[in-house]
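Each remark here refers to the structure printed beneath this line.
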């Protein structure tokens, strides 16, 4: 079961846990523990003499001969400390013998509660070997990666001074530890009763420690009558957590969630478990390894009844009660949501009646395991020349092959081996003739579990029994009488033994225990102390088996297999490759496939690369300039909708349109895409859709983030309408959807959903299909997305000291980095992240070499890949680097590659602390050039966003354009070419090599230009993708827009520009005196801005620039300063569903502002228009350029002309003399400056008349000026309007015909 990280919920759980856990954990646990102990607390395998005794092995002490020295310097020596009680150990330190040549260079560290069944300290997946001393006096301290709890400690020297012998002084650091321990006998169960009969629990914190020799048993269990449950149990020595907070209310997802952790947990050592839950977010921790996951289903509370039990399941009639073995072993520190259960048991505050004998101590293990490696053997003795051979043992291993036992006979020999996971017995017969009898049994016995083997040979037959199953024992006839030889080799054979027979297997790696020879249990502790028997390179009284597949380092569902020394990953069918199945096989998007030279087809894509999301198949359409990615859903077109039941909406049907497993992948696509859309259609017969105009919707859809939406295709967020309601052409005008008319004929509401942050459509809830005669058919089209912003996310570094910084890179055990670069520089650092000693760095080492260097604690490692051609050729090159616990890989341009294997033992975790620096490093020359599509562990770093606020770094890639891009004017885009650059004017209203040439046209009487931004079906018109204009926008609802144009005319009144919508929103610029009219809804009358102090219809060219950001409108005319206006608070701020741009005249269906029609639309604009641009659309340019696919059309005579609309060179006026400035007090003197000479020539009489007229103008203006305010005369009849948008129309009696004939086209 694949698990994904949930950084947010996991962090919240961690903070909450830290607040709940006992405050003592925050205290420093670093007390000196060994030095205060008496001499008798120290013991050793041997000593040279009493002056070198173990009791003198205290750090910085000079007693005796100054430390412990064993009799022999070999790997069988040990120094043991009895701390007299269990302590928490956090650090250890060593010294050599005082002022001598005796010291220890390396050692291993063992610990135990009882002085037997030792456990080796492990780190980074291996039995850890600590680096110690290089002289006799300097101490070396190691802080443990994780604290341990133990009473007995052992130091095992592994290497020592070449000049002397093993010498050792030690210290142990930690603190006191105490807890109540409860022994479970397999019968008793602790039952903790709740104060309330039923508990509805939002968050849980459960912790306990356990140890056992049994592989199965229930540790805790709780359940409720509604089916909720929580169970923690051992199964085959693995820990299984099962939780159910309730099933999905629609039945599509069940609430059951099961997560497994750990293995080999029947080792009779303490293991710590912590379960943290907050709502559906769970952290499951076993021995410092945490898995974070979300439970299935949709509920947040765990509903439990009566009690929670520990050690087994109390018999119950509850629906989810299940069987399970009771736990056998010990538990301590049992905490349930702040309650100390072990303490309550000791105080008899809980029910323990099921225990036969409740004890608060843990019985010592009776087993004495033996640990074998590839060079080990154990020789035991038995009866000689006896006619019966009986040998049994238990073993556990990961290796499929190995020697368990070899014993010579007087006339042959017997070998018991593990061969391909099964036990094989070879009986060699040398009497008279050489023959061999083979017996085999079992399979898959190299699974790390304990398995028993019993071989009995007597008289003329042999019997092999595996795991005590006598019913499946294998028998074989042997041609000789058995005569035992008395020597039994376990785990290997002494090389000095020169017997003629040799076993087929040479060694065994694993553990054995409970060895019986001649039906007698061998006392291995006595063998250790000198009893008959010989051994070499074995670990007595310990089993240091390690499960290298737990935690599983094979990512993305890779299958882990292991031997004693290593593990391997099978990645077939996962979509990933590499030593740990980390590297994605597939590209991140259709855009990436296109630039690999692929054509339109079905492709597997992996949007998050090496991240947790699985790859999936999409259709890539590469026939246009921008690639379309299409993902089909599971719902067939025109799918009939039957009646169903929804808990939130009775008599409704829940319909899933996409696989829930793909939702996260689809969210990744929509996040990185530039534009997304999805078509929906609802066919109906007596089945209402949105229940307009005022009812609660019967049908709604669920989109991204599991959010509900109540608008339909062709409409937009916040508008509870269908497409026909926006266009006002529904079958019944009283409703905003065709289906809401509830008619017996089949109707349909369809359209395109285009707000990509809400997509994809994951579910539909249809709520009006249960009435007699109600029928509905639902269509949810495929998700279509265009563009990949992550693929082109680029930053250019312009100085050697420039860099971008990001949060610390998290890649402890597995890290991958990929990016594109281009440069003309010879060297530089691409990126770097530092730790205290660890680091990771990628750099351009030379014009032909890229290097990847890192250090995880084993010393610096550097991989270098060289290219046969220069890399500083200002072309894009791809770098891919990966490091995991198995290997490191560096690849350049998908062809040149170097691989470096990790050392078999050493540090594996990359510990970084500084910020990640991209483009430069500490004290080194930074990178000069461009970096694109930087991904780290599947996450794309937003270089462009960070570059916008960082000096020396620019978003996008600068090459030739960094020097010459300023020549591309008027919004023209500089395009890099290999040997130069060009200016792309397609998104401007200009032409020419530098986007400076005006595009304009002369309008005859009655001429108009129409440009459709939205098609009749309600979808945005994006036909211009390959043309000059590019797409308008990814959304049809605007909160900001910019309109610029130039005009010259001598005729007024006229319509200059009119921008309509599918609602009653519009923007109009009309000329009698220049007036801007905004109607965004919420107002009785349009918001108007009038500039009536000057004649604009004077035949001279004028420039107009109107921009809006939410409520703020900026207006600039010609060269004068910009003036700011503000929409009233009651006005909406969204220009909804922008539809069409008209130039020169309005010819539109539906309702239009009657003022526009009656006062400005006839006879139409006569004159020149040029430089017309609305956001990214240039409608006049589209109409005048033939051969370009666009939605522009011309009616009447339009002749291309630049209209003489070049920018004026008159310097700007100050506000004091600006006649258009609303606060000017000199308006009376601001008569048209162009006529001043005529006024002077008119003489004194004209001057007098001029002054009188100016005074009148001043008075009139003072009385009527409104500074851009809107009229608020209450419109009679507005209260009867269908909506606020129609209030103006309802109030105007001259517009009654327009309402009645709203479907007619207006062309006057």
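Cβ from N, Cα, C; glycine included.
TrEMBL labels come from automatic prediction, so no person has curated them.
Since we're looking at a predicted model, the values are computed, not measured.
The signal peptide annotation in TrEMBL covers 1-26.
The domain 'F5/8 type C' annotation in TrEMBL covers 25-175.
Annotation comment: TrEMBL describes 181-362 (among others) as domain 'Laminin G'.
Summarising the annotation, TrEMBL assigns domain 'Laminin G' to 367-543 (among others). Across the residues of the domain 'Laminin G' (367-543), the predicted structure has a mean pLDDT of 90.
Per-class residue totals from DSSP over the domain 'EGF-like' (545-582), listed helix then strand then coil: 0 helix, 10 strand, 28 coil. Per TrEMBL, the feature domain 'EGF-like' maps to 545-582 (among others).
Look at TrEMBL and you will find 581-631 tagged as domain 'Fibrinogen C-terminal'.
According to TrEMBL, the feature domain 'Laminin G' maps to 793-957 (among others).
Note on residue 930 (disulfide bond): other Cβ atoms within 10 Å of its Cβ, all shown chains, come to 22. Under the heading disulfide bond, TrEMBL lists 930-957.
Residues annotated as domain 'EGF-like' in TrEMBL: 958-996 (among others).
Look at TrEMBL and you will find 1017-1203 (among others) tagged as domain 'Laminin G'.
The transmembrane segment annotation in TrEMBL covers 1239-1260.
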Stretch among 25-175, 581-631, 793-957, 1017-1203 sharing the most Cβ pairs under 8 Å with the domain 'Laminin G' (367-543): 25-175
Closest-packing stretch to the domain 'EGF-like' (545-582), where packing means Cβ pairs under 8 Å, from 25-175, 181-362, 793-957: 793-957
Candidates 25-175, 793-957, 1017-1203; stretch with most C-beta pairs under 8 Å toward the domain 'Laminin G' (181-362): 25-175
For residue 957 (disulfide bond): intrachain residues, at least 6 apart, with Cβ closer than 8 Å: 794, 795, 796, 822, 930, 932, 976
